[in-house]
Amino acid sequence: MVNATVARNIAGICGNVISLFLFLSPIPTFITIYKKKKVEEYKADPYLATVLNCALWVFYGLPMVKPDSLFVITINGTGLAIEMMYLVIFFFFSPTSRKVKVGLWLIGEMLFVGIVATCTLLLFHTHNQRSSFVGIFCVIFVSLMYIAPLTIMSKVIKTKSVKYMPFSLSLANFLNGAVWVIYALIKFDLFILIGNGLGTVSGAVQLILYACYYKTTPKDDEDEEDHEENLSKANSQLQLSGNNGQAKRVSA
């Protein structure tokens, strides 16, 4: 019989794999940016938000804050590196005004994480106190990141079309949240559970909407380039949901 530690490790590995897929989902967006040599109407907001989220979860998973959280560190550390690469590409092809905005936001985020880390290590002296303090911030930012997918879900309901809500991402969001919920329950972690519980609900709602409106989705006669561009933008928004707990999600 599989013991709790092995089961938790299996869940952590599965969560890392699914979360990695979600982190890589915006690649089509950046291929488009690279080909056009400009960011056009794309925004850096989803990637800036995910950078902050990942940085906080990496700190949360460190041994001096929350011991035995290796899988939290690995996926959020990987996600942080991937999101930073996205921002480098975005920065390179942005006009000066947007470069300044991205740079200032990144500096502000790093200062914020530094302040949280300093307060955690100096003001709190037990793992429970430290993980609770950092975990509260993690859950707050994870919850805020669910605002973006709501925009896409609202569009699906209004247009009765799932054209811009890819099934693969919706399914990955749901599975990702579910796996990390299992991970959090095996060795109870309230903060990972809350973040990914919300993610599971969000993914389930997306799948329900897909089932409801798949048949009513009109055949697309817009040109392929416009469709791919709009789909890339939708992917960017859904990716927030997918990465909140563990990144994302992954909260774990």
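Backbone N, Cα and C atoms are what each Cβ position is placed from, and that goes for glycine too.
Per TrEMBL, the feature transmembrane segment maps to 6-34, 46-65, 71-92, 104-125, 131-152, 164-186, 192-213. Summarising the annotation, TrEMBL assigns region 'Disordered' to 220-252. Look at TrEMBL and you will find 232-246 tagged as compositional bias 'Polar residues'.
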Cβ-based contact of the transmembrane segment (46-65) with the transmembrane segment (164-186), 3 or more pairs under 8 Å: no
With pairs closer than 6 in sequence left out, are the transmembrane segment (104-125) and the transmembrane segment (6-34) joined by 3 or more CB pairs under 8 Å? no
